[in-house]
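Okay, so here's the structure we're looking at.
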Amino acid sequence: MARPPAATAPPPPPPPPPPPPPPIDRLVWLACAAPLSRIPVVGTQVSYFPEGHAEQCPAPLPDPLPSAHRFFLCTITAVDLSADTTTGEPYATISLLPLRHDAPAPAPAPAPAAAELAEAESQEFRYYAKQLTQSDANNGGGFSVPRLCADHIFPALNLDDDPPVQSLTMGDLQGDSWEFRHIYRGTPRRHLLTTGWSKFVNAKQLVAGDTVVFMWCGAPAPERKLLVGVRRAARYSGESACNARGRVQPQEVMEAVRLAAEQAAFRVTYYPRHGAGEFVVPRVEVDKGLTTPWRCGMQVRAQVMEAEDTRRLAWLNGTLTNLRHQQIWRTLEVEWDASAASSSMKNRFVNPWQVQPVDFPPLPMGLKISNNNISAPVCNGDSLLVPPILMHPQPQPPADIQGARHNNGHAYADIPSSSTPSMVRTQQLFPRDLQILVPHTDIVTPQNGSPPDNPVNTPLSASDGMKTIQLFGVTITSPVQGDTNGAFASAQVNQVPEGVDDETATEEASDTSLPDSLTNGHNQDGARL
């Protein structure tokens with residue numbers, strides 16, 4: 001008689017899922033995120049862009065996205081801030097609920113209450129971020145600590161010791177602790193992290209170009225709690241928008257698009273990296289960008305980090321060269337001006353809500369315009385502040401109306417750009433065939449103020465003389481009208497305050513400070529590229 005087969009043992013139960021990463025504080029998350037990163041606000045209406053979500057993946061999507069699913073109007077229902085368990089990078093898990101595209105726009109959000117602002121300002125929090133050099137990232141080396149970081153983030157050293165040294169304990173975003181030896185030595189003396197630094201570099205797999213962020217929060221020194229975080233530099237190859245160090249899987253993007261198309265709730269993962277556009281964008285910003293009348297030739301600008309000093313922001317100017325009407329995500333193609341900041345611009349394709357059109361620059365101080373004359377400040381070199389009426393070259397007018405002003409409502413499409421929206425170059429502004437004809441007694445034209453290949457012609461009568469003055473070491477010759485006494489009569493020169501130069505004014509107008517050196521973490525909000 002055959003024996004019945006033995007019962008097979010049931011398969012072992014699957015291992016429990018790993019515990020979710022611990023939540024991190026909002027200020028810590030913003031400090032470790034790329035500059036200009038933002039945290040979406042629960043309850044607001046946003047546009048979700050799957051193509052931007054796909055840029056968070058290390059490889060392209062297996063299938064192209066349907067053309068009907070370019071973006072989805074949604075409401076944010078939850079935002080969870082965490083740190084990656086492998087890399088330590090901050091990321092946000094955003095829960096979204098799709099809306100109909102004809103849903104009415106929400107009312108403007110109320111201003112934060114005074115109590116909320118006071119509570120945010122009262123939090124004791126500072127951080128310092130430094131991009132790693134090749135020496136910092138070398139295995140077996142040390143970390144050169146900027147003095148500002150050592151003085152304001154680390155506890156004070158006893159400079160009477162020889163050498164001054166201390167042990168620092170720092171926690172990371174994953175809850176682990178790290179021990180570093182902080183010493184002040186060398187010729188000239190400098191602050192260094194030695195013992196413990198190589199272990200940290202190897203564990204975090206840091207390379208040159210990544211950024212380390214030192215933070216303290218809570219009570220003042222010596223009871224303050226020290227934290228350390230990292231920012232990962234993106235790795236792009238060629239024209240690909242995919243980041244080789246991306247952490248989002250393509251399947252997550254495809255699943256989010258499927259659920260959004262079915263009007264079902266879904267979640268997305270957002271890593272705030274430099275160069276990756278936000279793909280969950282406030283609706284009001286998208287609506288404004290899509291309703292702007294963009295056209296080729298427009299001058300635009302975007303706020304970016306300086307390439308040589310990531311603690312500072314700069315306005316990067318460019319010219320709109322192409323409109324890709326078949327899509328919404330990165331529909332604008334911009335040719336960026338050559339500048340120090342342009343090296344931080346990784347993609348010439350941008351979104352309409354990431355840039356601003358550049359209108360007429362403001363009138364400079366001291367410039368006077370009347371019906372039949374123009375008087376302008378003396379210019380330095382080839383940089384000149386000019387009024388809008390001179391922005392657009394006009395055909396030579398008939399002889400009977402020479403000297404009249406001709407306005408053009410679309411002149412700003414041809415404004416040359418430079419590091420600041422209000423500064424233009426006379427070589428570009430005044431072509432060879434441009435004649436500016438005005439009464440000879442009403443304008444001062446310094447010979448040293450106009451390049452020789454770009455003349456500004458001012459006819460002189462036989463009775464006119466020449467008057468020279470010396471300003472900041474430059475001899476300036478101006479036409480004047482003689483009188484019976486031979487005295488200087490009608491030439492008008494706008495005076496420059498003593499001790500002021502153009503370089504200072506240009507620097508103040510073009511740059512604003514980015515809080516990567518020492519900040520309380522409250523000014524990270526803003527669009528980024």
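Including glycine, each Cβ sits where the backbone N, Cα and C put it.
Residues or ranges marked as DNA-binding region in Swiss-Prot (evidence: sequence analysis): 128-234.
Counting only same-chain residues 6+ beyond the ends of the compositional bias 'Pro residues' (7-22), those with a CB under 8 A from a CB of the stretch are 82-85, 174-175. Here Swiss-Prot flags 7-22 as compositional bias 'Pro residues'.
Annotation source Swiss-Prot lists compositional bias 'Polar residues' at 444-461 (among others).
If you look up Swiss-Prot, you'll see 499-510 marked as compositional bias 'Acidic residues'.
Residues or ranges marked as compositional bias 'Polar residues' by Swiss-Prot: 511-523 (among others).
According to Swiss-Prot, the region 'Disordered' annotation covers 1-22 (among others).
Marked as region 'Disordered' by Swiss-Prot: 443-462 (among others).
The region 'Disordered' annotation in Swiss-Prot covers 497-529 (among others).
Shown for the DNA-binding region (128-234): DSSP residue counts in helix, strand and coil, namely 18 helix, 43 strand, 46 coil. In the compositional bias 'Pro residues' (7-22), helix, strand and coil residues by DSSP number 0 helix, 0 strand, 16 coil.
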